[in-house]
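Trainee: Taken from Swiss-Prot, the feature topological domain 'Cytoplasmic' covers 1-21. Residues or ranges marked as transmembrane segment by Swiss-Prot: 22-44. Residues or ranges marked as disulfide bond in Swiss-Prot (evidence: experimental evidence): 70-86, 103-184, 164-177, 258-279, 291-300. Per Swiss-Prot, active site is recorded for 123, 205.
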């Protein structure tokens with residue numbers, strides 16, 4: 001038998017060892033991969049810039065003001081609505097425009113809000129206005145039984161506030177919001193007022209009133225909210241008469257009255273929709289409010 005010599009074998013199995021050059025290359029590749037992943041994470045987590053607009057931003061402390069007005073209205077002014085959930089109303093309101101491009105808001109975005117907040121206005125108690133907001137609000141406040149849109153819950157809450165969102169954040173935009181002149185008609189404020197104005201008109205019944213500014217060249221302005229939305233949203237099956245109160249500034253010129261071409265245009269629209277139209281120049285109860293600041297004016301004399 002042949003004699004064989006066996007050499008001692010190490011306990012470790014022989015393996016394929018990378019060259020130093022390959023190890024360096026692998027390390028560099030791993031570092032590049034880590035850097036790439038970190039870079040992507042940083043980009044994704046970095047706050048994106050807000051869209052820049054020329055209009056005023058969301059009103060400061062918006063949510064606090066919203067909730068405060070809601071509570072005042074439901075708990076003090078109209079306690080019959082005390083069961084309304086103000087937090088839910090705020091959340092639903094924000095859901096219409098937060099995290100969205102403020103120029104792409106639709107009527108459907110506010111549909112959940114309109115469905116959530118229901119309010120019944122008594123027949124014969126609806127007062128629309130156009131270019132006469134201050135006097136109309138004075139009148140309903142003193143009269144106590146009539147409602148402008150801003151005397152309803154949603155109108156009261158949103159009156160004179162500004163708001164918008166941005167696609168890059170779940171918060172409201174407190175830096176800037178679109179101005180109506182920026183070719184942005186579908187902004188959250190404009191769409192909101194159109195939606196609730198339409199609902200306000202659709203719900204009206206009996207005899208309705210509109211207060212117009214007779215000191216303007218066109219007391220009835222077709223492009224106003226009343227002229228483009230509300231008058232066409234009245235339901236002739238529920239509203240049988242519209243009365244226009246054409247109010248002139250006491251110190252201004254009374255260049256337009258119920259016989260003007262502007263009011264005749266409104267009359268034609270109303271009558272074509274099978275409703276009765278009536279017009280009063282300087283409706284006396286509202287005139288008295290104007291006379292509070294100008295008691296000596298000739299038009300404020302009792303025999304005038």
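Cβ atoms are placed via backbone N, Cα and C, with glycine included.
In terms of burial and nearby residues, how do these features look in this structure?
Mentor: According to its DSSP assignment, residue 70 (disulfide bond) is helical.
Mapped onto three states, the DSSP output places residue 103 (disulfide bond) in coil.
Under 8 Å, Cβ to Cβ, and six or more positions away along its own chain, residue 123 (active site) finds 205, 206, 207.
Classification of residue 177 (disulfide bond) by DSSP places it within a strand.
In the three-state DSSP scheme, residue 205 (active site) falls into the coil class.
Annotation note: residue 258 (disulfide bond) sits in a coil segment as assigned by DSSP. Counting only same-chain residues six or more apart in sequence, the Cβ atoms lying under 8 angstroms from the Cβ of residue 258 (disulfide bond) belong to 244, 246, 279, 280, 281.
Under the DSSP three-state reduction, residue 291 (disulfide bond) is assigned to helix. Less than 8 angstroms from the CB of residue 291 (disulfide bond) sit 250, 297, 299, 300, each of them six or more residues away in the same chain.
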Trainee: Counting Cβ neighbours within 10 Å across all chains shown, tell me which of the disulfide-bonded residues 86, 164 comes out on top.
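Mentor: The residue with the densest Cβ neighbourhood is 164.
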Trainee: Are there residues of the same chain, six or more positions away from residue 70 (disulfide bond), whose CB falls under 8 angstroms from its CB, and which are they?
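Mentor: The list for residue 70 (disulfide bond) reads 84, 86, 89, 90, 153, 157, given in order along the sequence.
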Trainee: Using a 10 angstroms cut-off on Cβ to Cβ distances, just flag whichever of 184, 279, 300 is the loneliest among these disulfide-bonded residues.
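Mentor: Among the disulfide-bonded residues 184, 279, 300, the lowest count of other Cβ atoms within 10 Å belongs to 300.
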Trainee: Using other CB atoms within 10 angstroms as the count, which residue among the recorded positions 103, 177, 205 scores least?
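Mentor: Comparing Cβ neighbour counts within 10 Å for the recorded positions 103, 177, 205 gives 103.
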